[in-house]
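What TrEMBL lists as transmembrane segment is 39-63, 75-103, 115-136, 148-170, 176-195, 216-237, 257-276, 288-312.
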Amino acid sequence: MSMVSSLALTSLAHGAKILAGFALLKIMAVYLGPDGIGQLGHMMSVVSILTVLSGGGIINGVVKYTSEYRNRPVVLFRFVSASASYATCFALVVMLLGIIFSVPIARLVFNNGDMYPIICTLAVMQLFFAFANIVFGVSNGLMDTKIFAFSQLFGSLMSIPLFWIVIYYFSVSGAALSMVFASSLCAIPAFFYFKKSNFWNRINLSLSLSNGFSKLFSYTVMLLFSTVCFPIVEIFIRQILITQVGFHDAGIWQASIRLSAAYLGFFTVFLGFYFMPKASLQSERSKLAVLVLKCLIFVQAAFLLGALVLYLGRGFFVTLLFSEDFSPLKELIAYQLVGDFFKISSYVFGLSPCPTDSP
């Protein structure tokens, strides 16, 4: 599959996810306003963390090694079994900790310990996040990106009506629940793909495969210091904003963060599910450098084009995606775009694998 066709396919899938996400934001903007989004900002960050960290956050490693072992069935099945075992253990530990400490976590996230059932629900549902991440990692490592696309489309289409119903009847708590369920819906088509694949009944969950855990654990550590740290910093900054200027201005800032995450998502999905498998197949550093340079130019050009459209039409997009109450956001977009240009450029280098010896 060519770079352009792969980008089109992943863009379609992520575009549907973005529409569902903005449907949630639009409904929250209408029913809850900037104050409501400000109150739910911490929950958005927590869901973002668990979406990538569930199962140990090893999806990039699964993509990389599945691509390397695709022509070695025995090694591939052993690796996928080790990955599934690692992800299951990690997700179960997170679930237990989330349930045990649900009340203090609810106080931190919602400033209300009575919201602990939502934290318990999230702790359980992240098991489904972990399962979907493993399936997507394997399928995309095999260059079968249509599975990811279909799962994202299904989850997005199903989540849109769920957003409105739950938020309409349950207000802030409904908005929090809708985030949790929306992120887990893609596990349904992922399960059917897994059931029909050659991996069904051939994946063994066992701690005896722990000799492969060290390789996977390195991806967990990398994710903790790269992807997860940013949402944690967001929580601290948001808490300062809430304390100093209130939920309204914190909601405006949160809207800026969500807008950034939406358009950057196109690029991160493309890099993770197309660039990484291609780069993993390059054994020569010179060829890898050429691939990285081509991808960097392509990503930067695409970002600059999209940024120009967003900046020139910022008044229209802010009103369309949020509401007139979010008009102060128009003054923040230019600064956001400058920072995001360097952020997405750094992603290309961050996701570039170094040649390693195969086991």
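Glycine is no exception: its Cβ is also placed from the backbone N, Cα and C atoms.
TrEMBL does not curate its annotations; it predicts them automatically.
Pairs of Cβ atoms less than 8 Å apart link the transmembrane segment (39-63) most often to 216-237, out of 75-103, 176-195, 216-237, 257-276, 288-312. Same-chain residues lying 6 or more positions outside the transmembrane segment (176-195) and placing a CB less than 8 Å from one of its CB atoms are 20-21, 24, 40, 43-44, 47, 50-51, 110, 115, 118, 121-122, 125, 128-129, 131-132, 135-136, 139, 147, 150-152, 154-156, 158-159, 162-163, 166-167, 170. Under 8 Å from some Cβ of the transmembrane segment (288-312) lie the Cβ atoms of residues 3, 263, 267, 270-271, 275, 278-279, 282, 333-334, 337, 340-341, 344-345, 347-349, 352-353, 355, all in the same chain and six or more residues away from its ends.
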